[in-house]
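> First the structure, which I've put down as structure tokens, then a few questions once you've had a look.
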Amino acid sequence: MSRSIKKLTGLVAATFTPLTAEGELNLSVIGPYIEYLIENQNVKSVFINGTTGEGCSLTVDERKQLAAAWCQHGKGKLEQVIVHVGCMSIKDSQELARHAASIGADGIAVISPSYFKPVNADALRLFIKEVSTFAPDLPMYYYHIPSMTGVAFDAADVLNGIEQVIPSFQGVKYTGTDLRDLGQCVCYSQSHNWSVLFGVDEQLLGALVLGVHGAVGRLVFGGVVHIIARKFSLFYDYYYLCSAGFDVSLNKQVMSEVSGLAMGPPRLPLLPCPVSKAQAIAQKVKDFSQGH
């Protein structure tokens, strides 16, 4: 890699994809969304087109449009824009990686294919490698989320030796609940100065103890998480907020209620959540933030 690498640390917002009531992209929200993240949540790095962003429900062209909008509006404001490029088709993943490099993204991430699954860690490493060759100067991150992909072998096995085949590899977004495996990823990454970012809000406390370098939040209320990181005793209150029936649809509506931004509905097969439920949780989030 020829470019200098800034290590990805701290809080990273897993962003939602704003849609109109008709289910089309609403790119006009991206600019205000960035301002909200910076000014209200103190978050300056984003992970786009991931699970929270319904990336796998979007077309390749829609994902390109979103990535371009985030890079354009975030230039000079956001510290890092990481674009998830994982698809079922390696050709689509490669095209999204190429596009991310062309628009000035700061890194790319790849999820495992989940229909035709890799049979072992070697096969997944090869998939990631072939995607990385289309953006060789961009930091590459493996996005580990077995609950969605059904690919259950350890992330540590994927990381083992990956630097020998992917020079651009820079870390893992670990969205799993196996803290043993997470700890092994942290240990292996230390000698390479890679980033291990945690993505399960309910287990954030355990991940911090293990030494993760940051968190990618499904529902990032930055001020709340900053408080939690300073005061572990508040974690049980935060756990309640995370465990109150959260899913992507609910998260999206809660973000709309808290931020005032029109995130719109989720895309099918996800169904909109009851507004009253989202409003109740949003009020608890506001009360928590104001009370601490």
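Here the Cβ of each residue, glycine as well, is placed from N, Cα and C on the backbone.
Under the heading active site, proton donor/acceptor, TrEMBL lists Y143. Residues annotated as active site, schiff-base intermediate with substrate in TrEMBL: K173. Per TrEMBL, pyruvate binding site is recorded for T52, V216.
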> When the Cα-Cα distance from K173 (active site, schiff-base intermediate with substrate) is computed for each of the recorded positions T52, Y143, V216, which gives the smallest value?
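If we rank T52, Y143, V216 by Cα distance to K173 (active site, schiff-base intermediate with substrate), first place goes to Y143.
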> Do you know offhand how many angstrom separate V216 (pyruvate binding site) and the residue listed as 'active site, proton donor/acceptor' by C-alpha?
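Distance (Cα to Cα, whole Å): 11 Å.
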> Provide the number of Cβ atoms within 10 Å of the Cβ of the residue listed as 'active site, schiff-base intermediate with substrate', excluding the reference atom itself.
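I count 28 other Cβ atoms within 10 Å of it.
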> In angstrom units, rounded to an integer, how far apart are the Cα atoms of T52 (pyruvate binding site) and Y143 (active site, proton donor/acceptor)?
13
> Minimum Cβ neighbour count within 10 Å among the recorded positions T52, Y143, V216: which residue?
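The recorded positions T52, Y143, V216 were compared, and T52 has the fewest Cβ atoms within 10 Å.
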